[in-house]
Amino acid sequence: MERVKLKIRRKDATSSYQALLVETIKDPKASWTESKRKLEKDPQGRAVNPDLGQGEAEKLFREHVKDLYERCVRDFKALLSEAIAPDAATRTTEGGKTVVISWSEAKDLLRSDPRYSKVASKDRESMWWRYADDMVRKLKQPDTEKPDTDARQQRQQRRSSDPPRRR
């Protein structure tokens, strides 16, 4: 009977802590050390519940932040599919670049949307490269029987046409 009560209290502590995380932590880049102090200030005491161990609290925090980041990634991918549709992919600029050939052109197109800044800058470009490769493959597929070779050649051309990346 005592084990059942303990299990119920632990489950309640976990669900209330998860609710606290949803209410308090909105940034997918949040760190545990900074957020821990913020969570401990909860007037309901959900972060310092004795039925929830410190290790379990940190694990729940990391899962929450991971979920937030995955949501941002999904939103960024949706932005890519909305902004870089096949018709936009074929339009060229004065320099002869398109949004599927040049990251700088795509970045200029995407930057004004709030979903752009929610994803880490190191991940934005790699997700765009993957999306652009898929887009090029889809655009070229009816014309050729070797889409993988064309995509590799297209990628090499794009990388040589973009200015060097800042690190």
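Backbone N, Cα and C define each Cβ position, glycine as well.
Because TrEMBL annotations are produced automatically, they should be read as predictions rather than curated entries.
Here is what TrEMBL says about this protein:
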DOMAIN    10-67  domain 'FF'
REGION    32-53  region 'Disordered'
COMPBIAS  32-44  compositional bias 'Basic and acidic residues'
REGION    138-167  region 'Disordered'
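Taken as a whole, the domain 'FF' (10-67) shows an average pLDDT of 93 in this prediction. DSSP states for the domain 'FF' (10-67), grouped as helix (H, G, I), strand (E, B) and coil, give 38 helix, 0 strand, 20 coil.
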